[in-house]
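Single-structure report; data block below.
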Amino acid sequence: PVLVESLVVFAIVLSVHGVVWDRFSWCALALALQAFYVQFKWDRLLQGGGAVFQFRGAANSGLLPASMVIPLLGIVMKERCRAAGIVYFERFGVVVASAGMLLALFLSVLAVGITKPVPTNTCILTGMAGSVIIYTMKHSLAVSEVIEVLEVLLIFVYLSMILLYLLPRCFTPGEALLVLGGVSFVLNQLIKRSLNVVEGKGDPIDFFLLVAVVGVVLLGLFFTVLFVFMDSGTWISSMFFHMMTAVLGLGVIMPWLYRLIQRNPLLWLLQFLFQTQTRLYLLVYWTLLAASACGVVFYQNAKRSSESKKHQASTITRKYFHFIVVATYVPGLIYDRQLLYVAAVLCLAVFIFLEYVRYFRIKPFGQTLRHLLSLFLDERDSGPLILTHIYLLLGMSLPVWLFPRSCAPKGTLSGAGALVPYSGVLAVGVGDTIASVFGSTIGEIKWPGTKKTFEGTMTAIFAQIIAVALILIFDSSVNLNSSYAWILASVSLVSLLEAYTTQIDNLLLPLYLQIMFMA
């Protein structure tokens with residue numbers, strides 16, 4: 001399975017660079033080759049318990065698929081913005097690609113360094129890949145951009161040391177690279193923009209995302225340290241939790257956001273949410289869908305209570321939430337993407353806050369949340385945190401958040417790029433859901449070495465093609481310009497990756513589909 005997963009990733013890398021070949025393509029190929037070798041060292045460390053931190057079990061390291069995501073995103077963003085003539089974001093794409101390569105290289109060096117005996121051939125290969133990457137960076141980046149890349153690397157190193165220690169068995173090395181690398185980028189961008197505030201420059205919804213992500217991460221770090229010294233399950237601790245959340249929110253996060261957008265954040269948010277009648281209809285519709293999702297949770301728990309044997313939610317039951325999320329995101333993508341952008345940020349902040357309440361057993365809802373959500377756990381929730389629902393939200397939202405609006409004339413890209421915001425809907429909402437449902441019900445022919453079935457993968461590809469046709473009918477802004485063969489190849493490769501990867505598919509698949517569409 002690891003070899004097939006690697007072959008699919010190599011196919012995606014070669015497909016992308018067949019379209020956007022430049023000097024960074026050599027770096028990406030060198031990085032992919034050394035990550036392929038190093039991931040076997042990580043797998044051996046994980047199996048033998050020799051890794052520095054406790055990583056998630058029942059999965060391989062995922063170093064190769066994770067290592068290529070950030071560099072490829074930067075490369076395709078650079079090419080799109082170069083074609084649009086937006087120099088600032090073209091240079092930002094170069095920084096993203098360079099920083100992504102350095103982060104992946106750091107994880108590789110870490111694995112090689114703690115492997116005993118030292119793997120000589122892998123060391124030579126990693127050194128050669130590092131030399132190619134550093135040489136290319138030297139001739140591609142300005143001094144200020146080199147400093148920015150090193151800042152991201154420094155933040156990543158410190159975040160890894162802190163969060164991987166505090167959250168054992170929550171991530172594989174590859175998932176840690178994606179999640180902590182993303183948080184490192186966000187934190188670095190927020191610090192950079194806070195120090196260089198220019199009135200009237202920058203979109204408030206971008207600042208809203210940056211502040212929300214950094215705010216909830218800092219909130220979690222603060223309470224993790226605090227509850228080392230006190231019991232989090234008491235009423236006094238719970239009252240202190242709510243009080244300090246209000247203090248940090250109103251005393252730190254709100255002023256920080258005010259400095260960035262130069263207006264009252266709460267008034268801006270209210271004005272933004274109720275600006276048009278369409279937004280009001282969407283908010284009411286989303287509220288009804290959220291209520292139906294809560295109804296599914298309560299119904300399944302009532303069903304568990306009425307049965308004497310231990311009841312666990314089936315695969316099909318868990319996929320109800322995928323259908324609800326698709327029903328949430330599609331109208332937002334068609335009618336108001338900015339509202340969807342902000343609503344997804346708010347939803348992410350609420351999800352993470354509720355996870356803090358559950359994890360720290362904060363009264364009055366902490367224990368109730370533990371009981372309700374335990375029904376929907378699977379083998380990927382082996383650590384202290386329950387992250388699958390947050391990954392689902394991220395997988396659907398990241399293509400919306402990472403869509404290069406400034407480099408898209410009239411708000412959309414040409415060709416397959418017009419489907420970029422729909423990457424999460426197609427890969428996770430449609431493809432992964434249909435593959436799981438049909439694979440578990442009618443699937444008989446299993447892919448070698450996995451539990452996934454051939455029938456599930458084929459129906460997933462077919463369902464995504466039908467979904468693309470429906471998007472063409474209902475979204476007039478989408479114009480594919482006869483790029484149907486590329487769309488079919490992209491959907492097929494990502495569906496095959498879903499069949500073989502042991503990483504969190506809700507997070508990985510939408511990013512790879514977005515990369516293919518943007519290329």
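Glycine is treated like the rest: Cβ placed from N, Cα and C.
The transmembrane segment feature in TrEMBL is assigned to 7-37 (among others). Same-chain residues lying 6+ beyond the ends of the transmembrane segment (7-37) with a Cβ under 8 Å from its Cβ atoms: 63-65, 67-68, 71-72, 75-76, 78-79, 94, 97, 101, 104-105, 108, 121-122, 125-126, 128-129, 132-133, 136, 139-140, 489, 493-494, 496-497, 500, 512, 515-516, 519.
Among the features that TrEMBL reports, transmembrane segment is placed at 57-76 (among others).
If you look up TrEMBL, you'll see 88-112 (among others) marked as transmembrane segment.
Look at TrEMBL and you will find 149-167 (among others) tagged as transmembrane segment. Residues of the same chain lying 6 or more positions beyond the ends of the transmembrane segment (149-167) and with a Cβ under 8 Å from any Cβ of it are 52-53, 55, 95, 98-99, 102-103, 106, 137, 141, 176, 180-181, 183-185, 187-188, 191, 221, 224, 383-385.
Here the transmembrane segment (207-228) has Cβ contacts under 8 Å with residues 162, 166, 183, 186-187, 189-190, 193, 237, 241, 244-245, 248-249, 252-253, 256-257, 260-261, 265, 269, 341-342, 345-346, 348-349, 352-353, 356, 360, 401 of the same chain, all six or more residues outside its ends. Taken from TrEMBL, the feature transmembrane segment applies to 207-228 (among others).
Per TrEMBL, transmembrane segment is recorded for 240-258 (among others). If one looks beyond the transmembrane segment (240-258) by at least 6 residues along the same chain, the residues whose Cβ comes under 8 Å of a Cβ in the stretch are 194, 207-208, 211, 215, 218-219, 222-223, 226, 232, 264-266, 353, 360, 362.
Under the heading transmembrane segment, TrEMBL lists 278-299 (among others).
Annotation source TrEMBL lists transmembrane segment at 320-335 (among others).
Here the transmembrane segment (341-361) has Cβ contacts under 8 Å with residues 205, 208-209, 212-213, 215-216, 219-220, 223, 227, 232-233, 237, 241, 245, 269, 272-273, 283, 286, 332, 367, 369-370, 373, 384-387, 389-390, 393-394, 396-397, 400-401 of the same chain, all six or more residues outside its ends. Among the features that TrEMBL reports, transmembrane segment is placed at 341-361 (among others).
TrEMBL lists 422-442 (among others) with the feature transmembrane segment.
Here TrEMBL flags 454-474 (among others) as transmembrane segment. Below 8 angstroms of C-beta separation, residues 334, 419, 422, 425-427, 430-432, 434-436, 438-440, 442-447, 480, 487-488, 491-492, 495-496, 498-499 of the same chain, each at least six residues beyond the ends of the transmembrane segment (454-474), sit close to that stretch.
Listed by sequence, the residues of this chain that lie at least six past the ends of the transmembrane segment (486-513) yet keep a Cβ under 8 A from its Cβ atoms are 1, 4-5, 8-9, 11-12, 15, 58-60, 62, 65-66, 69, 73, 172, 174-175, 178-179, 380, 387-388, 391-392, 394-396, 398-399, 415-416, 419, 423-424, 426-428, 431-432, 435, 447, 449-450, 452, 456-457, 460-461, 464-465, 468, 480. Per TrEMBL, transmembrane segment is recorded for 486-513 (among others).
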**Fill in**
Sequence-distant residues near the transmembrane segment (320-335) by C-beta distance (under 8 Å, 6 or more away from its ends) are 278, 282, 285-286, 289, 292-293, 296, 343, 389, 392-393, 396, 400, 421-422, 424-425, 428-430, 432-433, 474-475
**Same-chain residues at least 6 beyond the ends of the transmembrane segment (88-112) whose Cβ lies under 8 Å from its Cβ atoms** = 24, 27-28, 31, 34-35, 38, 41-42, 45, 52, 61, 63, 66-82, 118-119, 122-123, 126, 129-130, 133, 137, 140-142, 145, 148-149, 152-153, 156-157, 173, 177, 181, 184-185, 404, 406-407
**Fill in**
Sequence-distant residues near the transmembrane segment (278-299) by C-beta distance (under 8 Å, 6 or more away from its ends) are 317, 320-321, 324, 327-328, 331-332, 335-336, 339, 343, 372-373, 375-376
